[in-house]
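Asker: First, the structure itself, so that you have it in front of you.
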Amino acid sequence: MIPVLVAAGVAFLVTLVLGPVVIPLLHRLRFGQRVRSDGPTRHLQKTGTPTMGGVIFLFGAAAAVLVVAFLPGGVRAGWIEGLLVLAVALGFGVLGFMDDFAKVVHKRSLGLRAREKLLGQVLIAVALAVTAVFVLERGTDFLVPFSGIVVHGGLALDLGWWFFLGVTVFVVLATANAVNLTDGLDGLAAGTFAVAALAFAMIALVMDKTWVGIVLGALVGGCVGFLCYNFYPARVFMGDTGSLALGGGLSAAAVITKSELFLLIIGGVFVIETLSVIIQVIWYQLTGRRVFRMSPLHHHFELVGWSETRVVLTFWTVGLVLAVLGLAGLKGLG
């Protein structure tokens, strides 16, 4: 537990120190956020707020992992697992950076082309699956919350490699893009992720995956430090650079700890946000009417009169409740 706390503390401090250095730089480079004209009118004042701020806490997290790695008498076993989580997070961060760069520099409103983003995400997810099974010897089993059951080929459900590969790709892409969708209000994605990642760090420790917990702890510390600049009124946005990295890292941790199903509970806020978009699109195509005033769901609550801070704090609270519920699902496991 101590290495996890050290990683979180170092990432928090590095992020806190980097903020006043990087934010003015992003301003000078004119990496400003473009705000949707069809969104809540109060968001128009956010136009020009620097984006791509995810580089701040990603650097902080990476620095923290390096510090823990070189601590005298530090944890050595399982470092490849932690490195894999960090690599997936940084890989998605690079994709997000390229997407943000295309938006703010090349003035492409949607960033990278859809097929470019999809290809990059799939390649990273496949690399994760291959490494987890053939290098880490993870197997194709997964944990079932509240049951104490490890579902495995031949025991209860024969997943097999190809099914596992498909599930992994889906989990990684769904999680990364769900966190990306949630990043629509000041502090919403960073705070919600921090709660979920802390829960998965606990799962990792229970599963004796200390290095996975260390990397998650570093990301949590980085996000908490980032909130000092990202909570309302935000001085910087994480952009796709940050949100895709966080989702990628969280999904990688879930895959390595065999707790993909726990994502449905612990990451419930991300699931709900994504479902609100899917429901809105399908219902509108079928009926020509909308279920929500706007999707994702956080914008709906804004448009019914909630303040931005109230929406964010409410979603954080829901995320905390779901995280506790998910951890309760560990009963009988480990």
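Cβ coordinates come from backbone N, Cα and C, glycine included.
According to Swiss-Prot, the feature transmembrane segment maps to 2-22, 55-75, 78-98, 116-136, 154-174, 187-207, 211-231, 236-256, 262-282, 311-331, an assignment based on sequence analysis.
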Asker: Taking the transmembrane segment (262-282) as the first stretch and the transmembrane segment (78-98) as the second, find out whether 3 or more Cβ pairs fall under 8 Å, excluding pairs closer than 6 in sequence.
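Answerer: Contact absent: fewer than 3 Cβ pairs fall under 8 Å.
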Asker: Return yes if the transmembrane segment (116-136) and the transmembrane segment (2-22) have at least 3 CB pairs under 8 Å (sequence gap of 6 or more), otherwise no.
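Answerer: Contact criterion not met.
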Asker: Between 2-22, 187-207, 236-256, 311-331, who has the most Cβ pairs under 8 Å to the transmembrane segment (55-75)?
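Answerer: Between the stretches 2-22, 187-207, 236-256, 311-331, 2-22 has the largest tally.
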Asker: With pairs restricted to those 6 or more apart in sequence, evaluate whether the transmembrane segment (78-98) and the transmembrane segment (236-256) have 3+ C-beta pairs under 8 Å.
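Answerer: Yes, since the transmembrane segment (78-98) and the transmembrane segment (236-256) share at least 3 Cβ pairs closer than 8 Å, they count as touching.
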Asker: Counting only residues 6 or more past its boundaries, what in the same chain has a CB within less than 8 Å of a CB in the transmembrane segment (236-256)?
Answerer: 19, 22-23, 26, 33, 49-58, 81, 84-86, 88-93, 95-97, 99-100, 111, 124, 128-129, 132, 136, 138, 168, 171-172, 174-180, 182-183, 189-190, 193, 196-197, 200-201, 204, 209, 212, 215-216, 219, 223, 226, 229-230, 262-263, 267, 270
